[in-house]
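Structure first, then comments.
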Amino acid sequence: LDWWQADRYCEQRFAQLLFEPQDSEQDSFSKLLQSHHIRGSVWLKERDSVLHKTKRRRGHTVPVLVFRDKTDTKYVKVLSDFPALPAVTACAHLQWDTRTQEIATIFSYAVPALINEFQLRGFVDEEGFVRFALIVHGHHSPYLPVFRADGQWHHFCVTWQQENGTWAVYADGKRRASASGLCSVGPSAPQAIFGQGTFIIGQDQDSLGGTFRAKESFSGNITDLHIWQKVLGAEQIEKVRSCWVVEEDLVFGWSSNALEVESTVQAVTTQLLCPGPVEECRVLEVGSRGFSYASCLQTLPFICRYSKDAYWQLNRAQLESRRSLASRVNTLAVRTVIPDSVFTSDVQDMNLSVALDALDVLATVLREGEMPMLEPSDLLAVLQLLKQVADIEVQEGDELEMLEQLSQYYIEVTELILEEQNTGTWSSISQVIRGPMAVVELCDRMVSLLVPLLTAERTKITIQHGNVGLHRVTVKNMWFGYGSLQRCLSGTGTSAVSQDTAASDGGQKYLSTTVGTAVISSTLLGDYQEISTSVRYRLQHRVQVPLQGLRPQPPPQRHHTARPGCNFHVFSLFLLHVSPDAGGMWSTAGCSVVMSLPDSTACFCNHTTNFAILLQVYEMQRTTKEEFTLQTLTFIGCGVSFCALIVTFILFLVVRVPKSERTTVHKNLIFALAAGEALLMVSELAKTNQVLCFMVTAFLHLFFMAAFSWMLVEGLLLWSKVVAVNMSEDRRMKFYYVTGWGLPVLIVGVTLATSFNKYVAANHCWLNVQTNVIWAFVGPVLFILAVNTFVLLRVVMVTVASARRRSKMLTPNSSLENQIGTQIWATAKPVLVLLPVLGLTWVCGVLVHLSIVWAYVFIVLNSLQGLYIFLVYAIYNSEVRNAIQRMKDKKKA
């Protein structure tokens, strides 16, 4: 195969074309090649080359003939003696005048015996294609489409040979039409094209060298005409298209000195942008141990190479496969769409019709959703098929409706294999496919197939299914919504973030990175070739953690409460782009943040590629003094709080406070809060023991969840006192116990069952804040705080109204100042009494990111919650004081 085909062959089998072997590998490769009787050269892949590199282009300055409008006077005569031509090739660069659809003669060659000896004619059809017809010995080929009438420069070649009258038309390096039988019939047939004729550019000769008609003349620009007395092969035509002259058997080479130009024909000099020089690819010379270069279009042997890990992973996937997907797809298609093995099976030749049928069947099977998760072998088979489809070449004359339907199926299949339930499957083939960024590259290749769909009337194509879509105007734009693509990239893939990006700024400690937006891809095309350009875009953030604030200054940061106490984590937005090479490497090169808002980030990059925004997780790093102060406050506060709670609990038990709903609820709240704070104080000691740390985390979760649940019960109890509730005391207490202890046990149990392996944080004994596990604590807490806030507002309203009525009844003539003072105290008293027991001091956590002062306030209020409860519900509680007084009186008696 040629180099491009060989490279594609290996890639479709999840391998790579052989790299240049090291000196130590030379002998083994030589033996391998000799065992297969391979001599000469074999293809190599250079280590720094890109799989589908765009061909280099260079400027080529040439004289151009300008034929303005169709006339019967403008012509150019070639001053060259033509021999008899048993075979001929004529090539030129052409710019077609799109203003007319009449037949135009590009060149005509006439001899005395036959005026229409060799001629090329064309016209623009209704669909906007230039159609060519070749005339030899007066025999006329059909008009066939060769390139689009878009006003751009196009390269063409026509070939003919005497044997069987075989002819072909090439345009822009590809064969557009070919057939045989374009020759004379009779006893003297076939004959060569006669020599010593007259060659005219731009006119049809009705007599030798003259008698032109305006309606058959050429209108447009032409340059670089060359004529050979042989048929050039595809490789040579590619060289000619790249502005290289093939000297062998050249009859006429483009030169102003060899042309007779009629005075009204304008001759100008212009620069063509040629695709050349022709790509040369690396080869290994078998036997000589030498390396050299050869034209990439040659056909040579090659070797596909697997890494050992990828090979064994592929092998294991094949052996463990149940082939459920393959059998269903092949049965439905009534043919082999998915082969038995990705190793040995010949990848089927793909054309538009075959690809459409294959993807239609595959999308149908995947859409039915009977298989909740794809097997590794199934995913590999789907990827292999997508690779084949992305590599097909759309031929002129193909039905464009099929092409659009094919892209619809392609995007649908892509979206289905990127669903989140397949994240584990992607991980299991990580050595074969370095993450789902491979799909991004495949979609990028697929988009380029849609070029024929773009016309002057239709300048935009949009295709979307689910979270994956593409949108093309003059650029290729694609987006991939959140799914297994981001899940996998947020795992091991993001370890490739450059160190300068992930470094601490002195006040933060880097923890991990996660993809925080969709992944988009942008490419600008000119003449269907990629052009580098700058890009501005805006991406919406995907919120993954409970957010409690946003810094207004750069870098934009997000915060949440990490654990009870004073630990916080910061999420910084960093702009990055990702490339499919080597599975996707993250880099900030050439990109910067233009504007950052709470819900989105606007970015500028000086190049086109694949883009996403990463959320980098940091732990807030404070100064040593601040850290020491916070730790000291926490330890002292928690210690005092724990002692106060224990004393309060003992008082409730010892002094025999009259049994009531309120004292029962108080005792349960105090027990849960004391247990939680005791564990919190010793949790740092359990970090070194994984099992012990897990148990401490689970019990911390349980007791703090129970403390908040009993705070909810405190709120419900208050509500029952303020608003009449039709429920007996026994039933109410059962409900309170279910809420206070049953709900926390249920939450912790469900969390452990669903997230056992992701439950504990990496560096301390608390819930993992880098996954959704933290919601098992923060979610219920936010709900409880919202309910208790509403209850407090209702209690304050009732208390104030009651105080106002009592004031009017008892002191109707009191001054306005006294009335205001009474109402202020009526408002402040329930707030002061109920704030700690309802847990509303935790709302201060919202303000922590604004200043270190708020961190101190938050710690003091919450760590001294136990002392506050001791003062309000023990020392200043009339029931407790009365019970103590009764004990004193009893002791005196």
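Glycine residues also receive a Cβ, built from the backbone N, Cα and C atoms like all the rest.
Residues or ranges marked as domain 'Pentraxin (PTX)' in TrEMBL: 61-274. Among the features that TrEMBL reports, domain 'GAIN-B' is placed at 457-621. Taken from TrEMBL, the feature domain 'G-protein coupled receptors family 2 profile 2' covers 630-877. Annotation comment: TrEMBL describes 633-657, 669-686, 698-723, 735-754, 774-803, 824-848, 854-876 as transmembrane segment.
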Contact check, the transmembrane segment (854-876) vs the transmembrane segment (698-723), 3+ Cβ pairs under 8 Å, seq sep 6+: no
Selected stretch (most C-beta pairs under 8 A with the transmembrane segment (774-803)) from 633-657, 669-686, 735-754: 735-754
Non-local residues, at least 6 beyond the ends, that sit with Cβ under 8 Å of the transmembrane segment (633-657): 565-566, 663, 666-667, 670-671, 673-674, 677-678, 680-681, 856, 859-860, 862-867, 869-871, 873-874, 879-880, 883-884, 887
Other parts of the chain folded back onto the transmembrane segment (698-723), taken as Cβ under 8 Å at six or more residues beyond its ends: 563-564, 661-662, 665-666, 668-669, 672-673, 675-676, 679-680, 683, 732, 736, 739-741, 743-745, 747-748, 751-752, 759, 765-767, 776-777, 780-781, 784, 787-788, 791-792, 794-795, 798, 834, 837-839
Mean of the pLDDT scores, which run from 0 to 100, over the domain 'G-protein coupled receptors family 2 profile 2' (630-877): 79
